[in-house]
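Chemist: Input: one structure, supplied below.
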Amino acid sequence: MGEEKEVMSHVISNPSFEVEVPETLHQIGQDSWFQVGLVLTTTVNCAYALGYAGTIMVPLGWIGGVTGMVLSTIISLYASTLMAKIHQYGEKRHIRYRDLAGFMYGYRAYVIVWGLQYANLFLINIGFIILGGQALKAFYLLFREDHEMKLPYFIIIAGLACVIFAVSVPHLSALGVWMAVSTFLSIVYFSIAFALCLKDGINAPPRDYSIPGSSSSRAFTTIGAAASLVFVYNTGMIPEIQATVRAPVVDNMLKALYFQFTIGVVPVHAVTYMGYWAYGSKSSSYLLYNVSGPVWLRGLANIAAFFQSIITLHIFASPTYEYLDTKYRISGSVLAFRNLSFRTVVRGGYLAITIFLSALLPFLGDFMSFTGAISTIPLTFILPNHMYIVAMRKQISSLQKSWHWFNILFFSCIAVAALVASVRLIAMDSKTYHAFADL
C-alpha cells in the first residue's frame, strides 16, 4: 500500500494532477505490433464468439444483427484509436488505465476507474471459466449421456487448468508462442463450426428467423443484445495492452488495432452469420450445441475452445497479476522458489474465488450485462471520448468537440438502458435457476 499511497498523495497535492507512473515489474515496451495485434485478435476470436449467433443475432434478427455487428466494429475501432493516441499524454507513458485517469482527473477518478476496470475484468474471467466448463461438458456429452458429471464439476476442472497456466506464464509479454497456439485453436473451432453449420444449413428445412418473445420482452432483449455488442470487440484494458508494445508506441498500437479490426474480425463475423443462417431463432448461446456431424470433429472443436479460453482468460487477468506482482516485488527468475510459490498461492487464490463464483452462479452472463452497463460501456466509449477532449482540447475544433460530446451523451443513454435491461434479466433468472445449477 505504501507505493500506492505515495502515488495517490502526489495526485492530490499536485494541482495539475500529474501522476508519477508506478514502477512495474512486468515487461514494458518489448513486443512487436504484430504480437500485440495477435493479443487483441485473441480477445475478439475467443470462444465467446461461438455464442453471438444466439445472444446477438437471435434478439436482433438479420437486419439489426448484421448492422449492429458492423457498426460495433467501426465504433470500437474508433474508440480504441482514441485511447491509443493519448497513451503518452503529458509526455508520460500511462501503462494502466487508472494511471491515465488519475493524471487527467485526479485521485477520485483514479479510484473509480480502478474499481470499474477490475470488476469488469473479474466478471469477464468468471465468464471464461464458465465457458471452459461448458466446452468440457459438451465434449463429455458426446461420449456419455448419463449426466453424472454436472456443469459445476467441469467448471472446477477448467478453473484448475487456468491456475496451472497462470502459475506457468508470469506476464502478458511471456505469452509469446502461446499467441500462435491460441490463433491455431481459434482457427480449429471456427473452421469446424463454420463447416458444420454450412452442412446443417444446406440440409435443413426452412428456418424461422423471427425475433422471439412478446413486444415488451423483445424490447429488453434487444437492449441486452445491443449491450452484448460492446463485449465483442473491446477489452477495457487498451492502456495495459499498449504498455507491452515497443516504440514508436502510438504508431505500433494503431497498426495492431488496424490488424485486429480488419483481418482479426473476419472469423467472428463469418461464424456468427453462418450459425444464424443455419439454425435461425434456435441458435444456441454456445454454437457447438447446435451442430451435427462426426463426433471426433465436434469433440476437437470443444477441446480447442476449452484450451483457447484458458489463454484468453490469462490476458484479461494480467492487470490483476501485474498489480500484485509489482506490489509484492515479484521479479527475477520465473522458476525461483519465492516467485513460483507466490504465483501459486496468490494467483491460485484469486482464481479459486473466480472458480467458486462461476460454479455458484453459472448464469452470471446476466451479471456481466449489468457490469457492462456500469463499467464496460463507460470504459470503452464514454471515457475515451472525454479523455480525448481533455488531451486534445487545443488541437481539435469546436465541431470535433461537439462530436465527442454527442458520443458521450449517446453511450451514457445506452448504458442506462442496458442497466435497466440487465436488472430485469437478473430478477427473472434468479427465479428460474438455483445455485450450482447444471445448465
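A Cβ is built for glycine as well, from the same backbone N, Cα and C atoms used for every other residue.
Per TrEMBL, domain 'Amino acid transporter transmembrane' is recorded for 30-422. Among the features that TrEMBL reports, transmembrane segment is placed at 33-54, 60-79, 150-169, 175-198, 256-279, 299-324, 345-364, 370-391, 403-427.
Can you walk me through where each of these features ends up in the structure?
Modeler: Panel annotation: around the transmembrane segment (33-54), residues 69, 127-128, 131-132, 135, 172, 175-176, 179-180, 182-183, 186, 189-190, 193, 228, 231-233, 235, 241-242, 244-245, 252-253, 255-257, 259-260, 263-265, 267-268, 271-276, 279, 283-288, 305-306, 308-309, 311-312, 315-316 of the same chain, lying at least six beyond its termini, place a Cβ under 8 Å from a Cβ of the stretch.
Below 8 angstroms of C-beta separation, residues 52, 209-211, 222, 225-226, 229-230, 232-234, 257-258, 260-261, 265, 269, 272-273, 276, 380-381, 384-385 of the same chain, each at least six residues beyond the ends of the transmembrane segment (60-79), sit close to that stretch.
Within the same chain, residues 128-130, 132-137, 140, 175, 178, 306, 309-311, 313-314, 317, 321, 340, 343-344, 347-348, 351-352, 354-355, 358-359, 362, 436-439 sit at least 6 positions outside the transmembrane segment (150-169) and bring their C-beta atoms closer than 8 Å to a C-beta of that stretch.
Within the chain, the transmembrane segment (299-324) has long-range Cβ neighbours (under 8 A, six or more residues past its boundaries) at 24-26, 39, 42-43, 46-47, 50, 96, 117-118, 121-122, 124-125, 128-129, 131-132, 135-136, 138-139, 142-143, 158, 161-162, 165-166, 169, 171-172, 175, 178, 181-182, 185-186, 188-189, 192-193, 235, 237, 240, 288, 291, 330, 346-347, 350-351.
Remote same-chain partners of the transmembrane segment (370-391), defined as residues 6 or more beyond its termini with a Cβ less than 8 Å from a stretch Cβ, comprise 75-76, 79-80, 82-83, 85-86, 89, 97, 100-101, 104, 113, 116-117, 119-120, 123, 227-228, 230-231, 234, 236, 401, 404-405, 407-408, 411-412, 414-416, 418-419, 421-423, 426.
Among residues of the same chain six or more beyond the transmembrane segment (403-427), those with a C-beta under 8 A of the stretch's C-beta atoms are 220-221, 223-224, 226-227, 366-367, 369-370, 372-374, 377-378, 381-382, 385-386, 388-389, 396.
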Chemist: At a C-beta cut-off of under 8 Å, are there same-chain residues at least 6 beyond the transmembrane segment (345-364) that contact it? List them, or none.
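Modeler: Same-chain contacts beyond the flanks: 122-123, 125-127, 129-130, 133, 151-152, 155-156, 159-160, 162-163, 166-167, 317, 320-321, 324, 328, 429, 433, 435-437, 439.
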